[in-house]
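Colleague: Below, the features straight out of TrEMBL:
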type     : residues : note
DOMAIN   : 313-446  : domain 'ZU5'
ACT_SITE : His436   : active site
ACT_SITE : Ser438   : active site
DOMAIN   : 447-588  : domain 'ZU5'
ACT_SITE : His578   : active site
ACT_SITE : Ser580   : active site
DOMAIN   : 780-865  : domain 'Death'
Amino acid sequence: MQKMAELLGLGDECREGASGAPVLAGSCLADNRLNLDVYPDGCHWFLQLFERRQGEVVQVEFLRLSSNDHLLGTTLGILPNLKHLKSLVLKGGHARDEFGSCQHGSLTSLPRDLGNLRCLTHLDLSFNSLYTLPSCILHLPSLRVLLVSHNSLVALPEDFGSLSKLTFFSAMKNQLKDLPPSIGELAVLQDLDLSENALEVLPEEVGNLHNCTELDLSGNRLSSIPDSFANLKSLRRLHLHSNLLVTVPALLASLPNLSRLDLQNNCLRAVPPEIQTSPFVCLRGNPLGETEPSPQADESSAGGLRRLFLASGEDSFTVTSEGCKVVLACGIHFYFPPGAASDSLQIYFRTLAPDPQWVKLRHHDILLSRVLELQPHGVKFQQEVQIWMPYASPQTLHEREVVVRTFSGQSWSDLRTRVEQKRKLKKHVAHCSVLHFSWFLVVSRLVQNECKVPTEGTLLFSSVDPNIKVTFPPGVTEETRSVKLQVLPVSAEEIEEITADAGCRASPLLYLSQDSLVDFLRPVRIQLPLPPGVTGLNLDRSRLHLLHGNLEGQTWDDITGQVVLEFTHLYAVFEVTHFSWYWLWYTTKTYIGGIAKKVYERLRMYQVNFIALQRKKDPEQVLLQCIPKHKVDPVLKKLQDRYRGPEPSDMVEMFEGEQFFAAFERGISIDMDRPDCVDGRLSFIFYSHLKNMKEIYVTSPVDRKGQAVKGQVSFYRGAVPESIPEDASRRRKGPDSLWLATLPIKLPRLKPRWGENPGPLNGCFFPPLNLGNAETGYLTQANLLSIARRVGADWQTIGLNLGLTYQQIERIGYNNREDLDKQILDMLFSWAQQNSEDPDCVSKLITAMKESGRQDIADEVDTIIELGRQKYRESIRRVGLEQESSTEDSAIAM
């Protein structure tokens, strides 16, 4: 490292970064390569190198930088000086959020002068935020390899074919809807990847790619492919799976070099015999041989099962006897096979925040999704309907399994579930089949092994630990009964940390249950492994204790003296007639039941921290979050560019599904009415794998007169969860025990707020507005004024996404060129007046905010609308009650 620093002429300051860690280890100018994308401040070091060793840096031929770097904009201006550059990588995805998902880079454009890099042959701009392909790319005369995957491209330039030397092009996972005809001019192109886009048709000119050997068009919306594909004589692999294809040309089978044709998961009911019998064709997931759908089927998938893609504002769809496939905006998929519904049926759906009052989690369960409600309840389908539910993937542990849980109206039960991974989306989904609709959610539970116990007896093993087995002898029961077994491994490190005693050891925790209330007729034989480090040779029987726990784990009784314990070299064997928790401990402690109770309680709890951060550009916007301790650092690192605030709170312990509140104090209050606000406090439910996060706006009711307000936010426990250990419940009672943490909030002096006084707004007059409708809730003039305060410099992007033309945006900017506030107001109210009669205008506003990167405003609008919906439903109920009451009064009078 020192030698490298000396080579680059940076001296001692290059050897360590701000955190004291080496920052240039592994990066080197040897062979004219400079790899700085693995460092969070790689652009900083590149700028340092260019300033001090410019003569050597301009000779670099291979350069890698991270587009997640906040100094990327400054660095881009220098890149055109690297005239010898052959390979340039500006990828995002190096940073990950708290759930492990890649964060896209900030790159939205490139400098024009980059087109002067005449030696550049390789350019990788993957995992960025490009909406259009930078024009300078088309001026790179030597470019052979171009990667723009995982961006937001909606189209390619009409003259894209001018990249005459391009041999490899990847634009997978974008939003391309069509291709320019000039793509056929890429005469030397060999690999083309356009998977996971929104392509509906392909130009005939694709058939001119005579040198193409691999073509990936999977995951699009293609219903047919051009006959010109028969001209792709060099093609070896053609990927067309997961489209809407209803037919394929028979000539594909005659392509001389084709060794792989993937047609899985399309709408093919019949294929030419030449293709169906070909050994290199894959046709799984197609309705081959099924009857044709009715003429009323969706035109985009005529001849195949109708596919519905629902937008975020929709809450219902129609299923007919022909069946269909449905994809919700939240990622939930449905498959209704033909004949599942005998008549046309309207399906209503919504996702709900899980309420611990009715979402009952069992011990050691982890909630992985929101609740999906499907209506009408109780309607029986003629065939099973398949559901795929995305979920927050938990840490992979072999002793846990993911299941879909459904509510019958009386109790929750687990469905037979298959876990699948969407490879290209890098998402996990839980797949189940049902005949009835009700409520559904995804949970992670301890692996459950089960069997039927007949009169003849049987043997049950644990798949988590095969050393654990239960033997049922002949005559153990008169009638066949079902038995379930679950195992919770507990490491020696966990035992030592909780008990502070290195001498305490324990076997895995065994839970047995059955579907009968009657004890077994004969003793059941159980084999448990001895605690770690204990064998039959060194066993001190006076230190070994067999504990029996009740169903809730509230009490642990030492039953060592009540059973006959047998020992082998590795196992302890004993017999019981009724089922519950069993735990084998090895310790010198005398009151082992109390220690086991404490350990069991801690195994169900999560250590968490609270954060309260304020947006740097708008201190009134506050982010509150409860985070498991091991996720705090990555979450704060993700947020540090946009938010600032105090250090996280001290660690506290919480149960899965426990309620807590956030209360603003000392002169600060919540800025708006919210449905999740109870008595002035913001309500949360802690679930370890869901986002316990809310962004809100706060204000101070006092007149600050130029002085900042120093307030605070405190977190308090809510109602005591059911079925928690008695000791934990006792500690949560009383006013002092409810307090969890307090963090400071500081509000600077604010500008006068729009709309606080009647009359003109910044010299502008706007007519009253009511956007939306009574049932879904209105957005009023006051709501728009509140939204306008948050928009800031993003107003032009938001305006374009709302559908305003470039000319309108330019005119608004010119007319109000001296006043940003007026530009924002003019843009918003111009759009509002044009769309005041559109019933979907509110959902379009929410979508535009999301597309503009302003999820915070989208959430605010959604909150306003949800509050309006609630008030509307409450008013309808009140009217109904009044009418009912009037009817009863009339009946009494008669």
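All positions are counted from 1 along the displayed chain.
Just so it is clear, glycine is given a Cβ too, placed from its N, Cα and C backbone atoms.
All annotation found in TrEMBL is predicted automatically rather than curated by experts.
Neighbours and distances for these, please.
Modeller: Taken residue by residue, the domain 'ZU5' (313-446) breaks down under DSSP into 0 helix, 66 strand, 68 coil.
Within its own chain, His578 (active site) has Asp519, Phe520 as residues 6 or more apart in sequence whose C-beta sits under 8 angstroms from its own.
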Colleague: Measure from the Cβ of Ser438 (active site) and count the other Cβ atoms within 10 Å, all protein chains considered.
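Modeller: There are 16 such Cβ atoms around Ser438 (active site).
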Colleague: Between Ser438 (active site) and Ser580 (active site), what C-alpha distance do you get in Å?
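Modeller: The Cα atom of Ser438 (active site) is 31 Å away from the Cα atom of Ser580 (active site).
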Colleague: Return the count of C-beta atoms lying within 10 angstroms of the C-beta of His436 (active site), excluding that atom itself.
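Modeller: His436 (active site): 14 neighbouring Cβ atoms within 10 Å.
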Colleague: Roughly how many Å lie between the Cα atoms of His436 (active site) and Ser580 (active site), rounded to a whole value?
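Modeller: Given the Cα positions, His436 (active site) is 33 Å from Ser580 (active site).
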